[in-house]
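Per TrEMBL, active site, nucleophile is recorded for C77. Residues annotated as active site, charge relay system in TrEMBL: H162, E164. For G45, E46, S47, R98, I126, R127, the entry in TrEMBL reads L-glutamine binding site.
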Amino acid sequence: MIGVLSLQGAISEHAAVLNKIGVSNKAVLNQDDLKGLDGLIIPGGESTAIKKLMAYNHLFPAIKKLIQEGLPTFGTCAGMVLLSQPESFDMLKATVVRNGFGRQQQSFEEDLHFDALADPFHAVFIRAPYLTDVAADVNVLASIDDKAVAVSKGNVLATAFHPELTDDVRLHEYFVDHFVN
Ligand code: GLN
């Protein structure tokens, strides 16, 4: 059972991808919803809003503990921000640059190469972050110039873009196959 943190942002789109690939999932809105999860998706949206709502719903310390104890977690866009920030989940040692590619109007799409995928992944970037100064223990899976836009470390996978907004299910499959199962 994969939980989708359902406080703010692109929530239903992640659930739709999981449904499409036949992976059972449920919305995470409170601490009870965290019981028995095999994995967690932290969607894109607005990291400051998600952080405030996690605090308000008494979710922040509980989720942080689960992730730090090894719960497979996939963060997209704002989810990458939260996984990186030292004051948030502090799972990826790197400098996270929020809105690093500019504002809404500078949103863009780009085909990215992943070693693990046979063909490029068409990635949608919306007020996306990127990572720099990435620590040696963090795997950079895809980058644009010197900006890391997909990374993994241990139980954590993070992308600066929104894989749930295209028809391409391969990164969700990658998460389920390599991190959850
Ligand atoms: N800019 C947002 C943030 O910093 C992320 C944008 C997104 O998730 N599409 O939280």
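Keep in mind that glycine also has a Cβ here, set from the backbone N, Cα and C atoms.
A TrEMBL annotation is a machine prediction, not a hand-curated record.
Annotated features taken from TrEMBL, shown on the structure.
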residue : record                           : DSSP class
G45     : L-glutamine binding site         : coil
C77     : active site, nucleophile         : coil
R98     : L-glutamine binding site         : coil
I126    : L-glutamine binding site         : coil
H162    : active site, charge relay system : coil
**Request:** Please report how many Å separate the Cα atom of C77 (active site, nucleophile) from that of R98 (L-glutamine binding site), as a whole number.
**Result:** 9
**Asked** When you look at G45, E46, S47, R98, I126, R127, which the record names as binding L-glutamine, what is the longest CA to CA distance in angstrom?
**Response** 13
**Asked** Do you know offhand how many angstrom separate S47 (L-glutamine binding site) and E164 (active site, charge relay system) by C-alpha?
**Response** 17
**G45 (L-glutamine binding site) versus E164 (active site, charge relay system) - Cα distance in angstrom** = 12
**Message:** Give me the count of other Cβ atoms within 10 A of the Cβ belonging to R98 (L-glutamine binding site).
**Reply:** 17
**Cα separation, H162 (active site, charge relay system) to G45 (L-glutamine binding site) (Å, whole number)** = 10
**Where the C-beta lies under 6 angstroms from ligand 1, the matching recorded positions among E46, R127, E164** = E46, R127
**Message:** If I take the Cα of H162 (active site, charge relay system) as reference, which of the binding-site residues E46, R98, I126, R127 has the closest Cα?
**Reply:** I126
**Asked** CB neighbours of I126 (L-glutamine binding site) within 10 A?
**Response** 20
**G45, E46, S47, R98, I126, R127 excluded, remaining Cβ within 8 Å of their centroid (L-glutamine)** = G9, G44, C77, A78, V81, N99, A128, P129
**Asked** Which chain-mates of R127 (L-glutamine binding site) that are at least 6 residues away have a CB under 8 A from its CB, listed by sequence?
**Response** C77, N99, F101, G102, R103, Q104, S107
**Asked** CB neighbours of the residue listed as 'active site, nucleophile' within 10 A?
**Response** 30
